[in-house]
Amino acid sequence: GFVTFRKGKTPRRPGPKKGSNVEKDPVGVYCRIRPLGTEDQECCVEMISNSTIQLHAPDGLKANRNGEFKEMQYSFKKVFGINTTQMELFEDIGRPLVEDLIHSKNGLLFTYGVTGSGKTYTMTGSPGEGGLLPRSLDLLFNSIGPFQAKRFVFKPDDKNGMEIQSQVDALLERQKRDSQQSVPRTPSSRLKADPEFADMISPEEACKCDNVDDDCCYSVFVSYIEIYNNYIYDLLEDAPFDPIRPKPPQSKLLREDQNHNMYVAGCMEVEVKSTEEAFEVFWKGQKKRRIANTQLNRESSRSHSVFTVKLAQAPLDADGDHILQDKNQVTVSQLCLVDLAGSERTSRTRAEGSRLREAGNINQSLMTLRTCIEVLRENQMYGTNKMVPYRDSKVTHLFKNYFDGEGKVRMIVCVNPKADDYEESSLVMRFAEMAQEVEVARPVDRPICALAAGRRHRNQAFRDELSRRLEERGNSNNAEDPGLLNQLIESLPPIPRCELVDPADDQTLPNLIEVLERRHHIRQMITEQFNQTGTCVKSQVDLNQQSKISEKDKVILNQRSEIDRLEKKSKTLEYKIDILQKTTDMYEQDKRSLQLELETREQRLQKELSERRRMEQRMQGMVTDTKLKWEKECERRVNAKQLEMQNKLWVKDEKLKQLKAIVTESNSSCSAERPQRPSRERDRDRNMGQKRSGDVFKTRGGGQAVQFTDIETLKQENPTAPRYSILRNEESFLSSDQSPFSMSFVNPGPRVWRTSGEEQNPH
């Protein structure tokens, strides 16, 4: 097996702590709608206002989904319709970013949307319709053109910083560059530029910024990279071409500088001095960018491209003539123009092989971007501290400092209104609307230079005044006038003939020496006069300059006094602000404590109320259960009492019947001994077939029964006798042992009295 050694990561240095009162601005999200390809295509996007669009589900999709799709509206900072020109788009979005770049503020602008929605056209444009990138470069160079430093005065230090070279070192660098024929020089005229970019911007559309600091020198550096399959490649790198064994381009790594900003290590940064030169550098990298033909777009971008414009600036010295040789005074700002590859579904593009892998990486990087935006939004809205997964993709890792640091972030959502892109467009709209809720720290203004303003202007005015005065005195152009020079030469003594014919001639050389001495004396006089004139001019200039300097010193003193006054006022206001802040904090603390106490009491009250309701429900349940229990118990007792009374009455009836039967038997035995006259009523009853009270009749079992008219209750208690047993379904009665009879009955239906001597009735 193989043993893999993992290199330990360098521990991250803690970043600068930002105050809690940092002002933030939301991410500016704009929407641009491209025109339909043909008029007969179905449109699913409608522009309702200059900040709202509405998505309609296409008819076919409604039929397939049973018409359950509804119209959705999405709001943006501004919506650009199909008739919006490139110039109008640039004035609203690109121009503020370029102005911030000149004022040392960072910016990020990227286009986002589905494949074929017009992202590359919006960023780059076409001949005659330049996009955001060429117009930004044109505005930048039109604004800082007169104030640019010479080439190689600013030099990148390969650590995302910038160094300042002296004039001599910069001159040597320029001579070295000119001597190297292998390095092609970029053209400085529009005629030599690439024909596709030559006419992108018409002269009528050229514009410039007015509020440019003319006391600084500027230099522009551009770089161009692409992120392909989550690898970073430098599009401006001049790799040696080997036709026999071509080497693939080498990917670059991301690094973090001392200010915790991410940059591409080893990326080539080209210094450019004009719009045309920057165009040519951009086109050089654009030719290397990966594009492919898919089912949705003939020239589909297969990678994310990042064109970075870096502006380095440093103040001039006190004389306004040279740049301050201080690296701490150099300010570097950058504007990143990002053209994201379009999200796409492989089922629609029918991608296979490498195209399929490209689409997967594109969708994965865009998904990571959406995830980072969602986590940032959740952290800012709900106060959570979840880790943002910047490192999951090179795109998000590269622009991490824009979301965590400072700078403006602008996003242009490009939409194709055709019905086929409805589902992808709806996903893009939801992400764009969510991205507007993310806030980014507002860039702060750079510190004001301690040197007096207007140094360049004063230096130029001094030079103009000096040249004018020299022209007035004739010391500048007269020396270059051939007529005056000949007149001056003619005023000198003529040189005699210097031919020596006789060796004994002793006059020619002394005469020549005398003339030359006279000419030398005249030259000395002219030189002294020239020096006196120069000294006089210098004294006058120094006097004027001294008077101006004294006036400026007075102005500076007044300004310093004003600054001191304002500083004192500022300190006083800061002290008041501190007091107010402390008072506010105290009130806030009291408010929080009172709110906490109120919440505690509310919770306690709610708890007591809930406990009271629970007790009421419990008591109601107990009352209901007790009521039902006692109702059942009362009903049971009543039924038992009724049954008991019925049984008692029945027992008494049975006893009376037995007693009657006994009496009847005794009477019959007596009547057998002494006959009696039958009663008329008995005869009448017998004739009627009825039985009267007191009659004795035979039972089925062969016994006899007596029927009484009146009933008299008889009680007989025996402590040793067993109690009566009463049953609901089967009843029985047991008499005491002393009773002369034993009685039994089956149920309270037909009651039959039987004597002990009778046989049992089967019924």
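Sequential numbering from 1, following the chain as shown.
Backbone N, Cα and C atoms are what each Cβ position is placed from, and that goes for glycine too.
The annotation ATP binding site is assigned in TrEMBL to GLY113, VAL114, THR115, GLY116, SER117, GLY118, LYS119, THR120. The compositional bias 'Basic residues' annotation in TrEMBL covers 1-16. According to TrEMBL, the feature domain 'Kinesin motor' maps to 26-438. Summarising the annotation, TrEMBL assigns region 'Disordered' to 1-24, 174-193, 665-701.
With the fewest other C-beta atoms within 10 Å around its C-beta, GLY118 stands out among the binding-site residues GLY113, GLY116, GLY118. Annotation: SER117 carries the greatest number of neighbouring Cβ atoms among the binding-site residues SER117, THR120 [cut-off 10 Å, Cβ to Cβ].
Confidence over the domain 'Kinesin motor' (26-438), given as mean pLDDT on the 0 to 100 scale, stands at 85.
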